[in-house]
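Since the structure comes first, as structure tokens, the remarks are kept for the end.
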Amino acid sequence: MSTSSSDPFFNFTKSSFRSAAAQKASATSLPPLPGPDKKVPGMDIKYDVVIVGSGPIGCTYARELVEAGYKVAMFDIGEIDSGLKIGAHKKNTVEYQKNIDKFVNVIQGQLMSVSVPVNTLVIDTLSPTSWQASSFFVRNGSNPEQDPLRNLSGQAVTRVVGGMSTHWTCATPRFDREQRPLLVKDDQDADDAEWDRLYTKAESYFKTGTDQFKESIRHNLVLNKLAEEYKGQRDFQQIPLAATRRSPTFVEWSSANTVFDLQNRPNTDAPNERFNLFPAVACERVVRNTSNSEIESLHIHDLISGDRFEIKADVFVLTAGAVHNAQLLVNSGFGQLGRPDPANPPQLLPSLGSYITEQSLVFCQTVMSTELIDSVKSDMIIRGNPGDLGYSVTYTPGAETNKHPDWWNEKVKNHMMQHQEDPLPIPFEDPEPQVTTLFQPSHPWHTQIHRDAFSYGAVQQSIDSRLIVDWRFFGRTEPKEENKLWFSDKITDTYNMPQPTFDFRFPAGRTSKEAEDMMTDMCVMSAKIGGFLPGSLPQFMEPGLVLHLGGTHRMGFDEQEDKCCVNTDSRVFGFKNLFLGGCGNIPTAYGANPTLTAMSLAIKSCEYIKNNFTPSPFTDQAE
């Protein structure tokens, strides 16, 4: 923490000091829930199922189990900030769909960095009367134990009800065989069938489709050009998207709310269902029984009142994300608190936080070529000049010589006539491109060729965004034991939980070679659409910026042989009633967006729960 050997903090990280959070990591001394006359509104003495986290995976568990008759409570550290529909996508507003670049600020405002190395910059211009630290500060996300050379510097979390689904891209591709974990051993056909069954159901929950942008001029412009350039070599299609087109100018993007309406139940629409959502509640630990065979309760901290309670349930499901699932487990006595010590492995879940993966990411932006833009109006018959009295734009509907369908030509004609001041023939409200060539063994990376909002890549107002195409290629990373996520026994995060720390490097060999090949592929492909936008030349982005962290609590068939934490039903090994959901379960090297796969695993997990746990009887009394 300090660079000076004379400073009292110089050897702090090697000291025997343990933070208050670390000292309480296995504490079980919380008071019981308050009685029915004093309980938090909606909070019951005992639930059938408790779910931690309200993102799409938590909502998958909620939907499956609430509809099956279970009494379910869901706790989330974040608050409701998405409007009338709890956990809805914030891009579902006309303002952002008219100007996607404005949504970048929404994303940036939602993301909280996981681990930030301390800033070693010394401010030596302070007044002599001002207090000056002799060591580095530990607030504002700073982590003195984070090696900046082994960090996932772009890794961040979203703490709101609905999680990252309130601002995600909604890309929901299926994994192919190379990316998927096995669910059925020694029978590839049966495994394929099982994944197809689960994927189909997950897609129905998310409303995944591949035709929402079929009548976008820009989309077809990019799609057709790439299909022509790579004919016989690569297949191009729309990105599979969790979204529903409501009109030619408005798309409803799916989110946690799409999967499950987070309104409390019973209610008018669901009089026979039982569900309660508790926002702004930090879940601090699960309490194990004396034989380490099941979980007895969950300790929660109401962040508004400051009160702490113990929640009882038959089943406990953690879906708080790849970082916070592991954090909660470590704070409960699983894995190892503090810097990993290979000579002293933990007894419970020794692989927790090991073999983590995160995708490499290359990015650039191009400005569409003159050739492409001119081709937009290739079927138009233009007379005169814009603004002239005799100016007209027409086309011949249904003509065999037309290069574009009538819907395309009608849009172009109307725009060129109604907006003669616009030098571009593309309508102002033309939907953005959403193109991909999917992950394949010959090019093992996922591609998103589109125009969307991320925490980076906003376009200057001096450039018309209709001309811009974003290129994001995602590479897979081989799981390696030395790549770890661990939690400090000395430093705590903003919520007084053990501070997450990364020990990660992209592995040499296949992972690194594929990343270079992916960069070359993006450069060559993007040049076929146009020239690079100044300031957005091809580049590798910060590790972790993809936000697809995986493998923190890996899935497998055997805990020891597969170095994993949960089985294929997402149940923690050795515990009959503790389940983990999310991308942290995925143990493989994957390049595609993992959310649909994580949801599929959650559906399978729910099937196990329904087969092994019985819902409590429903009563007519208010629950």
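Cβ coordinates are placed from backbone N, Cα and C, and glycine is handled just like the others.
Per Swiss-Prot, the features are:
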ACT_SITE  H548  active site, proton acceptor
ACT_SITE  N593  active site
BINDING   Q448, H450  substrate binding site
SIGNAL    1-27  signal peptide
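On the backbone, the CA of the residue listed as 'active site' and the CA of H450 (substrate binding site) stand 15 Å apart.
Sparsest Cβ environment among the recorded positions Q448, N593 (other Cβ atoms counted within 10 Å): Q448. DSSP gives the residue listed as 'active site, proton acceptor' a coil state; it is part of no helix or strand.
The number of other Cβ atoms within 10 Å of the Cβ belonging to H450 (substrate binding site), over all protein chains shown, comes to 23. If you take the C-beta of H548 (active site, proton acceptor) and look for same-chain residues 6 or more apart in sequence within under 8 angstroms, you find E358, Q359, F474, C583, Y590, N593, P594.
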